């Protein structure tokens, strides 16, 4: 098999998700109803059986949060770093041969996954709101194909890619990638037509010129393009704005095993290693290093004794290398949201809250009913914690807890509280303030028995906010109660557990906007013709 084809299947490192936690929707017969016959009966039996019952090796992906689909895990300890596999050129080529040989992968499959991984890594580090203009410089081989695919995905992620593809490959696979980009009206520029100062015209440059199978010295026009990238980085040292450089698998011009031999090559800001890092990646000193893809089958892991990091959630990339050093003072988000205008909001804040809460549910945000509850004891010292909203109507906001907890003690001394809802994906918060009272025992009883039995037992076991000897103590108490109520009989609600209701006196709706000119609308009660109403005022951000 030609080495030129091999650089593609470097594409994907995959730790298979834990199959026992997946629900499969078979796509064999999408809309037909009939009795299954062999071999499809066996197939459906297989799909309904947990992987550990089938004797398959399962790889568990950690779920590390859901702000975006591409949130990446950081491997920060030296022990973890030392255990990651680095591939020689021969090993990388061998993995490609196995993937595209007995394991049945095609070049275009792996190229698609590789390019998606690169796009995901870029989107993780460099947000489209700040790094919008992207130049992808693509070589004639599979590494260049990765760049073309990455550019297409970045377009759909909200970036504005431009392609420089000087030596086009006439094969149908590559022609198709070009056609796909052209159908999106993505511009193509020749090397001669590139602007003189790349840093003034692009925020990100993707170096997809040469992969690990490249030998020798880069020839025109790529030698000059590499030097232009080096010049972009030299400008950074003068204190002027410089463009970010992202290298796909191997920084172009580097030796696959020895790295930047001359010391005068590209020093990318972000390196996306595909399948596993190559040996030269040990010489990479940039701030961002990711392993891309997640498509290495168990047979490859075992044959080459690969140790790869676990991928978070459904991400196609995972951060490795040194922990990212972050200047906390520089962390900021420039929110882009519809305006929140007085004439467009609901007159009643309960209706406006219901509208926003439904938006949060429709957006698929995690736990949209999570709220920060702030209380203060009689000495005025405040405390906050997260609780879950369990009901809201014109009477107020409802939650349940232990009446012997710290928040309960503070509410007994000072029966006023503040709630804060934060809906990150919508750039919204809601603040609610007012007096708090306990709900009736009957209402607490009804909700208690609507909870899962495990949660009911947990409420009895936990003397919330008290000091316990250790987790084992809690687990043993839980196990004892679980055994007592194993026959399914009613679990009694403890007297020290029940609900609270906050009756709002003030609402504030906050919508993030650009340049910190956020929208803040304050609802406060007024009496109009003997009836209670609400006045709406705009607060300075």
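For all residues, glycine too, the Cβ spot is worked out from N, Cα and C.
Keep in mind that TrEMBL annotations are predicted by a computer and have not been checked by a curator.
The (6S)-NADPHX binding site annotation in TrEMBL covers 142, 143, 144, 145, 146, 211, 212, 213, 214, 215, 216, 217, 249. Residues annotated as K(+) binding site in TrEMBL: 143, 207, 252. Sequence annotations record features per position, and here TrEMBL assigns domain 'YjeF N-terminal' to 92-308.
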For residue 144 ((6S)-NADPHX binding site), write down the residues of its own chain that are at least 6 apart in sequence and whose Cβ falls under 8 Å from its Cβ; none is a fine answer.
138, 165, 169, 174, 208, 209
C-alpha of residue 252 (K(+) binding site) to C-alpha of residue 142 ((6S)-NADPHX binding site): distance in Å?
13
The domain 'YjeF N-terminal' (92-308): mean pLDDT?
91
Can you list the residues of the same chain, besides 143, 207, 252, whose Cβ falls within 8 Å of the K(+) site's Cβ centroid?
137, 139, 144, 147, 208, 209, 210, 211, 247, 248, 249, 250, 251
If you count Cβ atoms within 10 Å of each one, which of the binding-site residues 207, 249 comes out on top?
249
Sparsest-packed of the listed binding-site residues (212, 214) - C-beta count within 10 angstroms:
214
I'd like to know which of these binding-site residues, 142, 143, 252, is least surrounded, judged by other CB atoms within 10 A.
252
Taking just the CA atoms, what is the gap between residue 216 ((6S)-NADPHX binding site) and residue 207 (K(+) binding site) in Å?
18
Between residue 214 ((6S)-NADPHX binding site) and residue 143 (K(+) binding site), the C-alpha gap once rounded to whole angstrom:
10
Just to verify a number: CA distance, residue 212 ((6S)-NADPHX binding site) to residue 143 (K(+) binding site), in angstrom, no decimals.
9
Whole-number answer please: how many Å between the C-alpha atoms of residue 142 ((6S)-NADPHX binding site) and residue 207 (K(+) binding site)?
13
Protein Cβ atoms within 10 Å of residue 216 ((6S)-NADPHX binding site), excluding its own:
6
Between the Cα atoms of residue 207 (K(+) binding site) and residue 249 ((6S)-NADPHX binding site), find the distance and write it as a whole number of Å.
9
